[in-house]
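J.: What Swiss-Prot records for this protein is below:
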type	residues	note
REPEAT	15-106	repeat 'Solcar 1'
REPEAT	114-215	repeat 'Solcar 2'
REPEAT	234-322	repeat 'Solcar 3'
TRANSMEM	16-36	transmembrane segment
TRANSMEM	83-103	transmembrane segment
TRANSMEM	120-140	transmembrane segment
TRANSMEM	191-211	transmembrane segment
TRANSMEM	240-260	transmembrane segment
TRANSMEM	294-314	transmembrane segment
Amino acid sequence: MPNSTAQYPEKDSWEFLVKSGIAGGTAGCVAKSVVAPLDRVKILYQTNHASYRGYAYSRHGLYKAIKHIYHVYGLHGLYQGHTATLYRVFPYAGIKFVAYEQVRRVLIRDPEHETHARRFLSGSLAGTCSVFFTYPLELIRVRLAYITNTGKNPTLTQVTKDIFHERDFLCNKKYPGLSRLSKICNFYRGFSVTLTGIFPYAGMSFLAYDLATDFFHKQKIDEWVSTKKSDKKLKTWPELLCGAFAGVCGQTVSYPFEVCRRKMQIGGIRKNKSFLRLKQVVQTTYKEAGMRGFFVGLTIGYIKVIPMVSTSFFVYNHSKALLGID
């Protein structure tokens with residue numbers, strides 16, 4: 001691969017936007033596919049599903065939960081809702097990486113502006129942008145993963161219809177003209193808390209990845225972690241380690257928000273198809289399990305996030321190289 005940056009397209013060109021979007025979308029899909037079974041179990045834990053409540057705090061609960069799902073529903077059960085995940089992840093990851101590259105280009109125009117705050121803000125704004133455009137698909141994915149006892153596998157079409165016809169957060173009697181709009185808002189259950197959580201998660205993930213990369217590029221370390229082809233490119237293992245560090249940092253700071261978000265997303269199933277407010281979710285969670293209720297499934301989160309984020313950054317960087325962008 002040529003080392004001259006002059007041969008790469010400019011970051012504000014359409015070619016770079018399209019190719020970075022493809023690279024980001026591909027990275028997201030590969031990463032999510034790697035950890036799909038863990039994601040299914042984590043959602044069941046976070047939403048306090050009655051059939052899996054006993055596994056959540058047990059020593060070997062993760063293994064037992066996966067074994068139970070496989071025994072009852074087969075391999076497909078571990079990937080239930082994964083199609084909806086891929087529909088969401090490709091545009092989500094694509095938009096996130098494109099937005100990050102563009103926001104970073106604006107906020108960090110030269111090395112003097114490359115501060116921790118600007119790096120964090122670049123990641124946070126990128127995550128916010130991607131969530132806004134893809135949240136309805138995320139809600140559908142969570143519903144598909146949560147449903148377990150219908151006797152047949154729920155379909156994407158059926159779940160979408162169910163969400164649309166659920167009781168909306170506006171009273172139709174008071175606001176009859178907003179009925180259709182409020183139905184669309186059904187697909188944004190938990191959106192406010194999602195934004196609250198994605199801001200620190202995305203910001204910390206990108207910041208931690210940059211800091212880890214900077215660490216490996218220090219002179220005494222760079223000699224044995226960089227490839228021979230390019231001083232800028234890390235070997236596989238340090239590159240994966242940077243992604244793992246980024247994932248752990250992002251997951252830690254945002255996990256309580258994620259637990260609340262999941263419970264708000266499935267509120268239409270559990271609470272007479274009504275909207276759950278953040279205050280209700282926080283009070284109920286604390287009453288049922290105390291502070292540890294906000295961190296239920298965090299172990300799975302760590303187990304999941306290390307391979308997922310590592311794979312995501314790794315595939316993104318190598319996809320960019322294959323597509324001829326930097």
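Every residue, even glycine, has its Cβ placed from backbone N, Cα and C.
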J.: Thinking of Cβ pairs under 8 Å, which stretch from 16-36, 83-103, 191-211, 294-314 has the most of them with the transmembrane segment (120-140)?
T.: 83-103
J.: Any idea what the model's mean pLDDT is for the repeat 'Solcar 2' (114-215)?
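T.: The answer is 83, the mean pLDDT of the model over that range.
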J.: Run through the repeat 'Solcar 1' (15-106) and tell me, per DSSP, how many residues are helix, strand and coil.
T.: 76 helix, 0 strand, 16 coil
J.: What is the number of residues in the repeat 'Solcar 3' (234-322) that are helix, strand and coil, as DSSP sees it?
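T.: Its residues fall into 77 helix, 1 strand, 11 coil.
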